[in-house]
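Enquirer: From TrEMBL, here are the annotated features:
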type     : residues : note
COMPBIAS : 670-679  : compositional bias 'Basic and acidic residues'
DOMAIN   : 349-539  : domain 'Dendritic cell-specific transmembrane protein-like'
DOMAIN   : 594-638  : domain 'E3 ubiquitin-protein ligase DCST1-like C-terminal'
REGION   : 670-693  : region 'Disordered'
TRANSMEM : 21-40    : transmembrane segment
TRANSMEM : 313-334  : transmembrane segment
TRANSMEM : 404-428  : transmembrane segment
TRANSMEM : 495-514  : transmembrane segment
Amino acid sequence: MSHRNSSQTTRRSKLRRKTRKFAIGLALGLFKTATLYILLRHQLGISRKTTCIAAAILGTLFTIQSCWSSSFQCVTLLMVPQILSKRGRATTIAYVFVLAMNGPARNTIANVDRLGRALSCSQDRLKSAMHDALQAVKVPFLAMKKAIGVILSEVEKAFMKIQRILIQIMRLVKRILSSIKRGFNWLGNIAAVCNQKNGTPFDQCIRSLESAVEDCKQKLGVVDFMCEVTHVAKVVCYSVKVVDYMCELIDFVSDQIVETIEKKLQEFIHNIQVMFRVKVDFDHSFEFQTNFSRNYTDIVSAITQEINHRSRYLFTLFNVFTIVSSFCFICVVIRSVRYKMKYLTKDSFDNFYISRDFIAIDEHRRSMNRDTVLPLTRKERNRYIHLTSMSLIRKEKLRIARSAVFLFISSIHILGLMAADYCLYWLLALIRHVFLRQADIERPPMVTLEVSGSGIIADMYRGIVGAFEPMVKHADILDPARCAPDPKTPDFIRYLQISLLLLFCWMCIVLEPYGLRIRQIIMRAYYPDRAKERATWLYNDVLLKRESFVKILRRQLGLGSGDSKPRKLMDIFRAKTNLFWICRKILGSNGGGKKCIFCSERIAENEAVSCLRPGCVGVYCYECFVEIQNLCTICSEPMDSSDQSDISIESCKTRDKFGIPSHTVVSLHRFPEDNDKKKTGGVVPTKSTSKYT
């Protein structure tokens, strides 16, 4: 009846284990499916349809494998604490660096490119402004020249009108003078004709008197003295002498006065022409040379193309890093599988935790009055730690310190990239804001002059004012808003993602020792027999490290306490030097042979008692085998024997102490031909091998 109840209890426990295994596998499968979807969709940028199909197929396979494979479940669970390890954190930091390169670094390069474009535009505008400035330097001279030219043209127009009027007056005066001259010439011609034919009136009068005197003398003869009276009549001829002066006056007027007036008029006209003849010469020199083979537009285009060409490979590298970082979880999987394989094959690997199996061995040795390990010494407390303890050992503290230094440097680099990106964006945004504010400033009002009225003077003033107006009205003002940089806004969501990942890495440093201890709990849950083997090795290693020359000497002299068996010097030396990898390579991590699972004592091959259950690795010394009452502490199941008549141990006291069922029987196979083995309780060594998958 009791056997039936125990079998039912065993079936129920197996059913509960299978149910728990299925539930855990289902949860892990769903977790892997969600992780795969996020990876394919948000990191690799694959389309939603392809992502859903791939996640559905692979997620189903993961879920089925997780539900029915304990090894797959173990590896999946090991991935969670593996993220907290140094390798997992390094993978996370590498992924953060990739995010920083594809986020802030790429945005910084884009803003630098835009800054270069703005500077190129500013140089182009500066060149235009310099050209306009040079033109503005010439404007006063040109305006003055133009104004003077306008003035001269206006004055010339005015004086041309005056000249035309004076010319008309001169023509009238010339006509009058010519008329007077013609009149005097006519009178002179008449007088000349008169004087040429009959002489002057005075000459004619004298000639008439002389001819009368001659005629009188001829007629009177002797009394010709009487004819001398005619000489008195000459006085009368002098009265017509005025007529001679009149002719001479006509000649004088004709020759002197009229010619003088005409000459003076000619001089006046010449002076008027000289007065209105104006010639202005401008002599101005200004030299400015700019030597360039290409214009600024071509230079800006060439710079942009070169930047794009050189940054193309960098962006391609960023994209490759993005794809590679998306598969960084493979590294975590590999590390988890590697940890599992080393845990199952190497006793010294990550074996410095005090577990329940370790404490059980210590309590059993204390009950057998043998050397115990607990409590640990002060030096050992810095090397070994309980799994559930909140304190840290020196190795864990050093690991945290090294990880903190590495993470601090990495954080400075990443935060520096983010700060450079945001500072450059802030600077460009500030420049753009200032430029736009300057562009809103109104131009100063311009003063203009308006000339009203008509006439020569009014036209002259209008020409002068119009010559100076373009220099103020059409002055070119450099608009800074045209070259204001337009910065690319940083991806603040990426900033938040990077910050959260960095915070997660810092939390991983603090939680790393405790997270790594979870791996021990996971492996113990899936491989309890291997956990007991490792606890046995650790217990024996601590005992060997405690050995000293004095203790060995006391034991050799029989002065030692307890029933501990003597230990080999090579085992002690190996245990004390197994912290160094070169010593482990030369001496090995263990000394060979077998150790009791229950008391951690090293036993000879002919004294080892192995569990007969296939696949069980339980090995015990004779004393412990007697103590456990034929119940293997690893597989926890009774062992059947083909010959139970040799040795049958029934110990109610021991059975009650360890809670062993009453039907448990321990069978030992002795060698009848070996009497020494009968004395020592020698048994047939059963070599068992097991493969952990």
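Glycine is no exception: its Cβ is also placed from the backbone N, Cα and C atoms.
Distances, neighbours, how buried they are, the whole picture for these features please.
Expert: Cβ atoms under 8 Å from those of the transmembrane segment (404-428) belong to residues 89, 93, 96-97, 100-101, 103-105, 107-108, 111-112, 114-115, 118, 485-490, 495, 498, 502, 505-506, 509 of the same chain, restricted to positions at least 6 beyond its ends.
Note on the transmembrane segment (495-514): residues 83-86, 88-89, 92-93, 95-96, 99-100, 103-104, 392, 396, 399-400, 403-404, 407, 411, 414-415, 418, 422 of its chain, located 6 or more positions outside it, place their CB under 8 angstroms from a CB of the stretch.
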Enquirer: Would you report the average pLDDT that the model assigns to the domain 'E3 ubiquitin-protein ligase DCST1-like C-terminal' (594-638)?
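Expert: It averages 63.
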